[in-house]
Structures are given as structure tokens and as C-alpha cells.
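What Swiss-Prot annotates here:
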BINDING   Lys14, Tyr29, Ser30, His31, Tyr32, Lys33, Lys51, Lys55, Tyr74  acyl-CoA binding site
DOMAIN    2-87  domain 'ACB'
MOD_RES   Ser2  N-acetylserine
MOD_RES   Lys8  N6-succinyllysine
MOD_RES   Lys8  N6-acetyllysine
MOD_RES   Lys17  N6-succinyllysine
MOD_RES   Lys19  N6-acetyllysine
MOD_RES   Tyr29  phosphotyrosine
MOD_RES   Lys51  N6-acetyllysine
MOD_RES   Lys55  N6-malonyllysine
MOD_RES   Lys55  N6-succinyllysine
MOD_RES   Lys55  N6-acetyllysine
MOD_RES   Lys55  N6-(2-hydroxyisobutyryl)lysine
MOD_RES   Lys77  N6-acetyllysine
Amino acid sequence: MSQAEFEKAAEEVKNLKTKPADDEMLFIYSHYKQATVGDINTERPGILDLKGKAKWDAWNGLKGTSKEDAMKAYINKVEELKKKYGI
């Protein structure tokens, strides 16, 4: 998997005909962050920020995953979503 394939997938996911389910969006978000930033580097959001906590927890769950593995999983998930939702 190359950086170019990853960047293409990042653009394609924005053009899906239907918004993916929340769990699919968390997968996409967390793997994108792991691939581009690496291990989480922020504090967990406060108790009232439910969406922020869900995103933080999903990204934190990937701690230790290599950028390459996160990139590969991201690309594979986008391909799956393209088949499911169309672009």
C-alpha cells in the first residue's frame, strides 16, 4: 500500500453516496489518525463530549499499530465501503 493509494482512499471516502454507519466512521477516523499522526497524543475528552470520547477511544485502541498497517486497513475499509455504498 502506498501513500498515493491512501490519499486516494481518503478522497474517495468523502464521495460515498450514503454516509457510513457510526461504527464504520469510527474505524475510518481512527485508522486515518493512526496512519497520519501515529499513537494518540491528546487527553481523553470530558464526560459530556460523547462523540469526542468515542473517537478518542477508537484511536487509542490502535496504540502501537504501525502507520503502514493502519494505512492498509484504512484502504481496505474504504474499498469495502465503496462496494457497500457506492461513490
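Any Cβ shown, glycine's included, is placed from N, Cα and C.
Not measured: the values here are computed from a predicted model.
Residue counts for the domain 'ACB' (2-87) under DSSP, split into helix (H, G, I), strand (E, B) and coil, are 58 helix, 0 strand, 28 coil.
Of the candidate modified residues, Lys8, Lys19, Lys55, the one lying closest to Ser30 (acyl-CoA binding site) when CA atoms are compared is Lys55.
Counting other Cβ atoms within 10 Å of each Cβ, the lowest count among the recorded positions Ser2, Ser30 belongs to Ser2. In sequence order, Met25 constitute the residues six or more apart from Lys19 (N6-acetyllysine) in its chain with CB-CB distances below 8 Å. Looking at Lys8, Lys14, Lys77, the recorded positions in this record, the fewest other C-beta atoms within 10 angstroms of the C-beta turn up around Lys14.
Between the alpha carbons (Cα) of Lys8 (N6-succinyllysine) and Tyr74 (acyl-CoA binding site) lies a span of roughly 11 Å.
Working note on the binding-site residues Tyr32, Tyr74: by count of other C-beta atoms within 10 Å of each C-beta, Tyr74 ranks first. Our reading of the acyl-CoA binding annotation (Lys14, Tyr29, Ser30, His31, Tyr32, Lys33, Lys51, Lys55, Tyr74) yields a largest Cα to Cα distance of 20 angstrom. Ranking the recorded positions Lys14, Lys17, Tyr32, Lys51, Lys55 by the distance of their Cα atoms from the Cα of Lys77 (N6-acetyllysine) places Tyr32 first. Annotation: Lys55 carries the greatest number of neighbouring Cβ atoms among the recorded positions Lys51, Lys55 [cut-off 10 Å, Cβ to Cβ].
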